[in-house]
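The structure appears below as structure tokens.
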Amino acid sequence: SVPRCYLNKQLATVRVLKGEPAELSCTVSKDNVTGAWFKDGLKLTSMDGVVFEKKGLVHKLVINKAEDIHAGKYRFEGGDVKTEASIFVEDPPQVDKVLLKNLTSVPTVAKAGEAVKLWIPFEGRWPIRAAWLKDRMELGNDTRIRVDKTDTCTTLSISSCDRKDCGDYKVRLKNDSGVLEINLKLVVIDKPQPPAGPIKIVESSADNITIQWKPPKDDGGKPVQRYIVERQQVGRNDWETLGETPRSCTNFTMSTVEEEMSYYFRVRAVNAEGVSDALESGEIKAAGKASPGAPDPPEIISASRDTITISWKAPCKTGASQITGYIVQKRKKGAVTWLPVTNAPVKDKKLKVTSLKKGVQYEFRVAAVNAAGTGQPSDPSEPAFARDPIKSPGQVQDLKVSSSDSTSVTLTWNKPEVQDGNDVKGYEVEMKPCNSPSWTKCFTLPAQSTSCRVQGLQPGEKLLLRVRALGDSGPGEASELEARAGAAPVVSPRLLIDDTVKSFLVIKAGNPIRVKIPFEGSPKPVVTWLKDGLPLPSRAAVSAEDGSAQLLLRAAEFSDSGTYTVEIGDGLEKKETFSFQVQITDIPQPPGAIRLEENVPNTVTVTWDPSPSEQWEKNLYYTVLKRESQKGLWHMLGDLIYNNKFTFTRVVPGRDYYFRVVAKNDLGTSDPSETVQPWRIWKKKAEFRVKAQKYRGVNQNQPPRFLVPLKSHVVVTGSECRMSCAVGGHPPPKITWYKDSRDLSRDPNYFCTNDFGVCSLVVLGVTKQDEGEYMVEASNEVGRAFSKAFLAIKGNS
């Protein structure tokens, strides 16, 4: 649809994309009214791309294809109608649609070590800021990566890419008219990493060895095709290729091994890009032909003060002949040397080890024996003390729930019945939900504690609790009971607004908006978020967990400025709301061109075009600086200027001046806008002054008199006020100005001139404090004369 603005219906602004049509229309009261259109104060008779239409009472200005020249303030005058409207031509960043589709639909693929260059040409109103991001972090220049930007394109260059450069990239183009984000994907392919280790021995015998490994953690971006297995005999330098396995097979069996010979093995992964580095094994020894395998570790059956009884099972691999017995060995825990328990192999698979030292911990291992000899020993058993058995503590008595609320249960109990030689050392409290198979430890309490409070429960939650007494021999028998947390009380929904909750937030564009507002209510209340009275944009993420309502917008945009409201209620009629303001801002753009004028003698009035940032920044202001040579230091003349005009009064004739204007807000300062040519007020020639004095000296010895008296003024705050009068007399009178009887001669806020008897007082940027009665006194040696007037100030409305 064509953007339209109906002037006499007070829709005073129309925004149109560059290249799109736009239309202004105005309705008059009579059909015979001709009317005229004006742009920026100049009457339009013809303009490229603009058509003037009149249909009955309706006058139209139609723009077929909006360009930058069409932006401005338009006015229509005709008959009894005189009204204005503004057209803003928006030109956000754009990228060719075909190129954009190719970039976003197909990932960019590069080989490791190659250079990659991603080039994005763009169009749009200058200046356009470009940023490259990877994994939400903005990229900067380093030894490998470089980000470049011109007025028409941006480039990301990677001199030598590797696998860590793979991932999702985002290009963000931003100007005053909008933001364009382009998502790209870069894939870097390489040879795979080595297979994941270590190499495990699945089987080892006198005839074959089977090894196993894991696939590489990174396949290099291309699927693994196969694995290459190699072997090296210990003591030799050359490697022998044994064979290959497909990608789905990660084990390999070698049938050509020599008995009791040691080998090294290595495995490489292969994909379309090449062969990986090797994963190497440690030394692996082939077993003897008939030796049995290692049994499982022995188990402890019982113990006394000087004996421990153990048992074990036969090994899975018995060798080529029948097992004839087992060698049993022992050692103290922490020792290195294993000692035989018997002088001959034990035929049974159970043994009572005697002659042990009381109170010492022992470990045991066994090895099977057959006709070929002794096989590999088992792993050590669990350590066991040589001591008489100790009874576990008894069961706690009278376990019960003494109290409960919505989130906790309090337990109490009595000590177990006393058993000789087994004192209670403490208590262990455990819990589990009724539908869970596993217990969770809550507390370990000292022996003197016989109560505890289990917290962090849900209202009405049903669970099982158990308590066990602890002694030297371990935990005793558990006492269990079923408990339930009390129901939660009904709490009306209420927002908990305190000093941590801000009512006005200023966020930089591109930064996240995070707001957390605490609340209370039971049952859990319903939380609703609004922006300017409407639902939030789809980019916004909201949650209401752990007693707080949270809002998150990951990258703030200018359109996110506005009034946000959070509403909490019980789903019926009880509701409570809180509203806060969010202002999205950014470092301002530089002001426009600077113009210099001498409106008052020996002063310069500096005016400039506003910064484009005024469209979205309410707190923007300007600072004016000057220097007196092309390479001198800049000195501030005025700060906190909220209009586009400043008058410098202390100009020295004959001296060159350069001026600079910058825009500022809470986040920083824009780039400057500067004058190129120097400003100079030329000195008046002495001959002119001599002639003027002769002309004024015609009437001799006349007292001062006011030829034109002062007049009262009413002006608007911030504007400039000039109060003037004409004075005669000879000798030329001395002129003194007063405000409310105060001499203004040395006040820098007022500028006084006297040109051949025409006397003026200039007040620059008037404020409410300038209101009052002003008087000018003219005096010479013959007499004195006075003239008074009142200055009234009215506010900007």
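Including glycine, each Cβ sits where the backbone N, Cα and C put it.
The following features are taken from TrEMBL:
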- 3-74: domain 'Ig-like' (DOMAIN)
- 194-289: domain 'Fibronectin type-III' (DOMAIN)
- 294-389: domain 'Fibronectin type-III' (DOMAIN)
- 372-407: region 'Disordered' (REGION)
- 395-490: domain 'Fibronectin type-III' (DOMAIN)
- 398-407: compositional bias 'Low complexity' (COMPBIAS)
- 493-579: domain 'Ig-like' (DOMAIN)
- 590-684: domain 'Fibronectin type-III' (DOMAIN)
- 704-787: domain 'Ig-like' (DOMAIN)
On the DSSP side of things, how many residues of the domain 'Fibronectin type-III' (395-490) fall into helix, strand and coil, could you say? 0 helix, 51 strand, 45 coil
In the same chain, who gets a Cβ under 8 Å from the compositional bias 'Low complexity' (398-407) while lying at least 6 residues past its ends? 413-414, 451, 455-459, 467, 479-481, 483-489
Just to be sure I understand, if DSSP states are collapsed into helix, strand and coil, how many residues of the domain 'Ig-like' (493-579) fall in each? 3 helix, 50 strand, 34 coil
Can you check how the pLDDT averages out over the domain 'Ig-like' (704-787)? 88
Using DSSP, tally how many residues of the domain 'Ig-like' (704-787) sit in helix, strand and coil. 3 helix, 51 strand, 30 coil
DSSP helix, strand and coil counts for the domain 'Ig-like' (3-74)? 6 helix, 36 strand, 30 coil
Work out, from DSSP, the number of helix, strand and coil residues along the domain 'Fibronectin type-III' (194-289). 0 helix, 50 strand, 46 coil
